Amino acid sequence: MHLSRQRSPFFRGQYTVEIFKEFTFESAHLLPHVPAGHKCGRLHGHSFRVGIHLAGKVDPHTGWIRDFSEIKAIFKPLYERLDHNYLNDIPGLENPTSENLAKWIWNELKPLLPELSAIRIHETCTSGCEYRGD
């Protein structure tokens, strides 16, 4: 028997979920505070992947927390600052570790995305970090 959307609790916005939108960008950087001779102290690049995670109650009318296209539009100005650029030249990213990059993106996006729950950074296929705010 088919449950109507009106009677099913799954369609009343009475549940919380976490959604994410992922982006990729290419950037160069070096880490100025690593020991002498460390490979990350030399100029190098990454194909970064960033996940923007939002958590909240699902709107009973739209069925979502936030439209993915809105997340994309909100991230676009940051993407343009990061993609194919030297991260060390961006104010606030003078020491552009993945950890600092995640916090920097969080600080830029949180005022625009109050539902923001995490920023996940992958600097390689196997290495990255996740920042969930202080």
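Placement of Cβ uses the backbone N, Cα and C atoms for every residue, glycine included.
According to its DSSP assignment, His44 (Zn(2+) binding site) is in a strand. Under the heading Zn(2+) binding site, TrEMBL lists His29, His44, His46.
Of all Cβ atoms in the shown protein chains, 15 besides its own fall within 10 Å of the Cβ of Cys40 (active site, proton acceptor). TrEMBL lists Cys40 with the feature active site, proton acceptor.
Its Cβ taken as reference, His84 (active site, charge relay system) is surrounded by 10 other Cβ atoms within 10 Å in the chains shown. Among the features that TrEMBL reports, active site, charge relay system is placed at His84 (among others).
The feature active site, charge relay system is assigned by TrEMBL to Glu123 (among others). Following the DSSP three-state reduction, the secondary structure of Glu123 (active site, charge relay system) is coil.
Put simply, His44 is the one of the recorded positions Cys40, His44, Glu123 whose Cα lies nearest to the Cα of His84 (active site, charge relay system). The two recorded residues, His46 (Zn(2+) binding site) and Glu123 (active site, charge relay system), show a Cα separation of 6 Å. Fewest other C-beta atoms within 10 Å: among the binding-site residues His29, His44, His46, that description fits His44. Residues His29, His44, His46 make up the record's Zn(2+) site, and a Cβ search at 8 Å around their centroid adds Ser27, Ala28, Leu30, Cys40, Leu43, Gly45, Leu87, Pro96, Glu123 from the same chain.
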